[in-house]
């Protein structure tokens, strides 16, 4: 039996030992508890069998006493682990209780059979069971109290550790805040509810010049505000603090020396637990230099705007002062060409015209570049015929190519779309520039204009390639070919003329329209400039009908019209007189705006040619006076502007003043007669 007991103990101890040496996963814990419960039950059974064997093997009172004491000790041992492993304790105690019941009944029936029942044995067994229960209960309650005390102590230590860690963290946080405040470049001011200063950092002393001892207890407003401090800003600060809200303002303060400084102040109220204002923290940054830079930038902006206005005025003046005499040169040469010339007089006249046209192109290029720099270019999206635009451009330059003896070809692929929406004026100007350059730099061979159109997701990609067989461009010059006043070689201007602005203006026009110009060239072989634009197609062909020319009878009808010419330049008056005297019957002239208004009231002309820039009263003012007079009179004359200013804004200004048409100087006779005939035909 001793071997059986030892085996039970060894089995139980081995199971518990193995379980303590293995890292159990939480999900394996129920299985481990079941296993230890089974081994505990087996160990209890071995002890119970040992007690039964001892009780029945030797019928002796001392043997029975020893068995009961042994069973009592085993029960106490099983009860002491109740709080650690209840199921194992229950398994052992259930076995021991069953053994006690068995022994008690066996002893009772045995004594009854002998006729000598002994109630003291039963009483002794009950006493041992009761004492065992009391001991186990006391031990477990003591264990529970000790465990609860341990838990309380542990919890108190944990809370104490947490409080200690919190205090350390707060202390570290406070130390860091103090270091930040002490080392910050911004001034930090802590004041009370009455704005009396309680603490300042070293940056405050550096910015204001006040020592800490000088400012403690003094109010911020009394110390730093001055006559230049904005009262509205002070009121905004007071209102924000009254509402317990933070506020950020820029305000002028005064230093100890009286110097005015700008500060960016971030003012934050600290609210107490009862909802009252406890403290005010102000963080102020010196922004004096930033304010000075801001002022300098504002002055620079004003200067730039003034410079832009001066530049615009200069360009307008230059345009007027150059175009006005140029109008006389080109106009007189045009009139001279229509007379009977002898010998070399025709060549001389053509030279004057070509030189004047060249000078006019240079002026136009400079004005276009100025408008691009000023952002004054407006892209007009309107329907147009691409084939018509290119054909007109090529036809305009065909005489120049024919004069040089080179061919010029315009190629369209079959079934190519023709109607698009875009700025036809700028497209035509780009094409004329590219084709004109190709003709100028091609001594022999031909110039080909090829059009390729591809459908893309954004519309139609139009590529207009201008190829020539000219002198070509060196590779190192390709990178600067689109720069302002730049040409491929130094002697290009000397040999071929030009300002080097045509390609610059053309590419910038293309970029304004969302496209670009690319170039490929080989020295001695030729160049290819490709204009790429993405345009949307247009199906409204009815909007693209060409304007019908005014019948010749409209020009002849001028003999029955009264015409007033307002022009302060004597040469231009003579020029217009010569242009119109063969077609007009009644022709009157005015030398300034006031004279023009008086002449209009006196002669009531049907047509007025109005110079915009005149002394005493300009053409715009004179037009407004005439229109105001017409409102009372009930009549309305045709007023056409004659101006040397070529900007779109000038055109809009003329039309807004009440004018009907717009002619830019220099004016040729055909342009003048066509414009006059067109407006008369509209009546």
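Heads up, residue numbers simply count up from 1 along the chain you see.
Each residue, glycine too, has its Cβ placed from N, Cα and C.
Where the annotation comes from TrEMBL, it is an automatic prediction and has not been curated.
Annotated range for transmembrane segment in TrEMBL, selecting from 123-141, 142-160: 123-141. Record note: among 64-81, 172-189, 64-81 is the stretch given as transmembrane segment by TrEMBL. Residue ranges 11-34, 35-58 are listed, and TrEMBL annotates 35-58 among them as transmembrane segment. If you look at the transmembrane segment (35-58), the same-chain residues 6 or more away from its ends with a CB under 8 A from one of its CBs are 1-2, 4-5, 7-9, 11-12, 15-16, 19, 64, 66-67, 70-71, 74, 78, 85, 87-89, 91-96, 98-99, 102-103, 106. Same-chain residues lying 6+ beyond the ends of the transmembrane segment (123-141) with a Cβ under 8 Å from its Cβ atoms: 68-69, 72, 75-76, 79-80, 82-83, 100, 103-104.
Within the chain carrying the transmembrane segment (64-81), a Cβ under 8 angstroms from the stretch's Cβ atoms is held by residues 44, 47-48, 50-51, 54-55, 88-89, 92-93, 96, 99-100, 103, 107, 121, 124-125, 128, 131-132, 135-136, 139-140, all 6 or more beyond its ends. Helix, strand and coil counts from DSSP across the domain 'PAC' (245-299) read 12 helix, 30 strand, 13 coil. Sequence-distant neighbours of residue 611 (4-aspartylphosphate) (same chain, 6+ residues apart, CB-CB distance under 8 A): 566, 567, 568, 569, 572, 619, 642, 643.
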